[in-house]
Amino acid sequence: MLKKFDKKDEESGGGSNPLQHLEKSAVLQEARVFNETPINPRKCAHILTKILYLINQGEHLGTTEATEAFFAMTKLFQSNDPTLRRMCYLTIKEMSCIAEDVIIVTSSLTKDMTGKEDNYRGPAVRALCQITDSTMLQAVERYMKQAIVDKVPSVSSSALVSSLHLLKCSFDVVKRWVNEAQEAASSDNIMVQYHALGLLYHVRKNDRLAVSKMISKFTRHGLKSPFAYCMMIRVASKQLEEEDGSRDSPLFDFIESCLRNKHEMVVYEAASAIVNLPGCSAKELAPAVSVLQLFCSSPKAALRYAAVRTLNKVAMKHPSAVTACNLDLENLVTDSNRSIATLAITTLLKTGSESSIDRLMKQISSFMSEISDEFKVVVVQAISALCQKYPRKHAVLMNFLFTMLREEGGFEYKRAIVDCIISIIEENSESKETGLSHLCEFIEDCEFTVLATRILHLLGQEGPKTNNPSKYIRFIYNRVVLEHEEVRAGAVSALAKFGAQNEEMLPSILVLLKRCVMDDDNEVRDRATFYLNVLEQKQKALNAGYILNGLTVSIPGLEKALQQYTLEPSEKPFDLKSVPLATTPMTEQRPESTSTAAVKQPEKVAATRQEIFQEQLAAVPEFQGLGPLFKSSPEPVALTESETEYVIRCTKHTFSDHLVFQFDCTNTLNDQTLENVTVQMEPTEAYEVLSYVPVRSLPYNQPGTCYTLVALPKEDPTAVACTFSCVMKFTVKDCDPNTGEIDEEGYEDEYVLEDLEVTVADHIQKVMKVNFEAAWDEVGDEFEKEETFTLSTIKTLEEAVGNIVKFLGMHPCERSDKVPENKNTHTLLLAGVFRGGHDILVRSRLLLLDTVTMQVTARSSEELPVDIILASVG
């Protein structure tokens, strides 16, 4: 009799698993029973179960002991007990990678595979293929072909699925079984047809034409298996994406025709495929949306869930296409399945009108406590999208978010809410104080370090700009008193930012920082001491440079440069300008934390794209004296069409006095090899080409890189914009495409490329200034210049802002790239660093009448960057 456990034991798992406390040595000792005569099937099957359990629990079996157990197990083939035989097949598959000489069972498996007992044949095929390698496969090829076309569906399916696994190691052999697979694909059995279709596709998937023919054949003659239809829909949609085909394609017609299939599975798969096709218009989505609308009223919960989840996805890009389903979605809000109700609500939030928000919020709040954190995050994301769509509703949405914030929940859920509140604060200045107050209350009882430090950073950034900044000090200082060291350090930094921006509060802040100097933690003490000394100087420039804006360099780059400096001692002081600049704000230069516990950081920080380029260029002897790399263009520029015989892409690398053009070349002609490849450049301005670094050899389809080194203008340093004409020159040597043999003699040839533009943006690296006003004061007005321009071809402020940001290649600060609605004036604030490490700031005041008038004020620590900005705009 089995012992009856109560519910508590069941839930805890205590005592409910009879195999829980197995010992490997004892089980292997028991395996000697396999050698006894007569065989006891029940006892042997139980021992095999124990062995399988140990393996699946991760227990390590040594090669010798596994081999001994495996050889003993082979004697069990003498028994005809069906249960024991099936257990043998399972054990063979599990131990095939552990034991040695497993091929000893090949003859036994082949015998079962070709025998009369259908229950043995399918599992025997699977086990045989598991132990067969590429060298043995040809010996059983005949049996596999027979099994694929076998009349017994389980045998045929086993052979087809096993063939699919064998493709990875023996593609050429399995490819010869295509005729048998095609015969199996016409089977009446739904699983056989599905598996056969899968094998055919994977054999042909690298041949686009063969895949197209296969789709055409099976869509024309029809399929019996709904699984096969689903497979064909996925293949067709993938083919459509790769071909970037129009919606007039037969493939799209096939997918659309599946919306009328009698199987619900196929109908949903077709609707899902259409919805996920890139660039689908609302008109093309309409049939799929209609089908999903019908599924919303299905009695099957799975169908309702699938429909509403897919509609939710459609609503992100095409909310108007889902509006017709609003009535059905509203009916699902009261669905007994909370997952369906949540998705229905979030979909309605994306498609509903402003007037329906209050009602929807009430409905959501009625069951928020009953759904999982995963779905709560979905709700928060929908509310975030709603905030951007209807900014006037921020008060209602903010209150709802704060109510959610006070409830129990995991890290991801709370982070989603905090992200949403912060985005509302940034998008809507009216909601700033309300949002900050809610966040202050949250950190009073916040168990997540990452969120607490992030909110403290936000308070230090936004709090001093509010009408009553002193009210936040109590919340921040409470963190110094009550929290652990990471949060205390964040609180000290936040306090310092209040002192740096508010002279009235400075004495109080200094008192608080003096208390922090005695903290137990080094980091907290060091921060407090540093900020205290800076603030006591009462200099705006120091406050801006060391407290409000801080470093604009790459943290991994700084770490690497400092390590290099300590390894190679020098009399010269460490030059911060030798460190690559940060392309993201400092707070984002860390891995995303996904738990509340301290996450172990990787020992080595992954190199950035610019650091990789720096190392590659430093390895070229011609570039040794160029100094540190200032900037690399974010995206390579294509100088040829993608379908031409040579594919050339250029990346521009900017140094303090030079430009290096990196040309990544690919030869797409299989009957030619190119040698000594260079790209000759002719500038239109005062640039001077200094040298070329060729690609010595460029065989077929093997990328190579050549470089051109150019000196920047010296006579007129403001003339940084330039157009280069480019010609690729090389020696052609013919080669045999089959053998790869190259002719000894070649001939000179050239290939004209597209012109290459160098703009002012190539000389400026964008940097983020959290506090633009402080940075503006820090740079000073010694080299300030101002000019007014008319943008005659631009008709909107949004277009003007976008063009200016793109043209200058600078970072918009304080969200000034967002133009408020119904305004005819706007101020754009831009920050960057000019090559050589000189800060450059631009304040652009825009006025919209008939055209846009722009007043540009530029400041820098040197005169040249200011002159270049104004000259380039003019």
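A Cβ is built for glycine as well, from the same backbone N, Cα and C atoms used for every other residue.
The region 'Disordered' feature in Swiss-Prot is assigned to 1-21. The annotation compositional bias 'Basic and acidic residues' is assigned in Swiss-Prot to 1-11. Taken from Swiss-Prot, the feature repeat 'HEAT 1' applies to 64-101. The repeat 'HEAT 2' annotation in Swiss-Prot covers 283-320. Under the heading repeat 'HEAT 3', Swiss-Prot lists 322-355. Residues or ranges marked as repeat 'HEAT 4' by Swiss-Prot: 356-392. Annotation source Swiss-Prot lists phosphothreonine at THR594. The feature region 'Interaction with ZNF289/ARFGAP2' is assigned by Swiss-Prot to 609-874, with similarity to another entry given as support.
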Six or more residues beyond either end and a Cβ under 8 Å away: which residues meet both conditions relative to the repeat 'HEAT 1' (64-101)? 28, 31-32, 34-35, 39, 41, 44-45, 48-49, 51-52, 55-56, 108-109, 112, 119-120, 123-124, 126-127, 130-131
Same-chain residues at least 6 beyond the ends of the repeat 'HEAT 3' (322-355) whose Cβ lies under 8 Å from its Cβ atoms: 289, 292-293, 296-297, 301, 304-305, 308-309, 311-312, 314-316, 363-364, 367, 370-372, 375-376, 378-379, 381-383, 385-386, 390, 392-393
Provide the three-state DSSP residue tally for the repeat 'HEAT 1' (64-101): helix first, then strand, then coil. 29 helix, 0 strand, 9 coil
Over the repeat 'HEAT 1' (64-101), work out the mean pLDDT and round it to an integer. 86
